[in-house]
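Record features (Swiss-Prot):
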DISULFID  CYS7-CYS29  disulfide bond
DISULFID  CYS13-CYS34  disulfide bond
DISULFID  CYS17-CYS36  disulfide bond
MOD_RES   ILE39  isoleucine amide
SITE      LYS28  site 'Basic residue of the functional dyad'
SITE      TYR37  site 'Aromatic residue of the functional dyad'
Amino acid sequence: TIINVKCTSPKQCLKPCKDLYGPHAGEKCMNGKCKCYKI
């Protein structure tokens, strides 16, 4: 899921992704936005 959070590194996506999917969330930074996925 791509969320509307700007990023330059995946670390910036860690908290919003965990808020979305809980502790087992994965995160990437793609094209300046966070992408979250369930592991």
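The backbone N, Cα and C atoms fix where each Cβ goes, glycine too.
The shown structure was predicted, so the numbers you read here are calculated from the model rather than taken from an experiment.
Within 10 Å (C-alpha to C-alpha) of CYS7 (disulfide bond) lie the following recorded positions from CYS13, CYS17, LYS28, CYS34, TYR37, ILE39: CYS13, LYS28, CYS34. All chains included, 17 other C-beta atoms sit within 10 angstroms of the C-beta of CYS29 (disulfide bond). DSSP assigns CYS13 (disulfide bond) to a helical segment in the three-state reduction. You'll find the Cα of CYS17 (disulfide bond) roughly 9 Å from the Cα of LYS28 (site 'Basic residue of the functional dyad').
Here the Cα atom of the residue listed as 'isoleucine amide' is found 12 Å from that of LYS28 (site 'Basic residue of the functional dyad'). Taking the Cα atom of each, CYS34 (disulfide bond) and LYS28 (site 'Basic residue of the functional dyad') are about 6 angstrom apart. Within the group of recorded positions (CYS7, CYS13, LYS28, TYR37, ILE39), the Cβ with the highest number of other Cβ atoms inside 10 Å belongs to CYS13.
LYS28 (site 'Basic residue of the functional dyad') sits 7 Å from CYS36 (disulfide bond), counting Cα to Cα. A separation of roughly 8 Å, to the nearest angstrom, links the Cα atoms of CYS13 (disulfide bond) and CYS36 (disulfide bond). In this structure, the disulfide-bonded residues under consideration are CYS17, CYS34, CYS36, and the one with the smallest number of other Cβ atoms within 10 Å of its Cβ is CYS36. Cα spacing between CYS36 (disulfide bond) and CYS29 (disulfide bond): 9 Å, rounded to the nearest whole number. Secondary structure at CYS36 (disulfide bond), as computed by DSSP, is strand.
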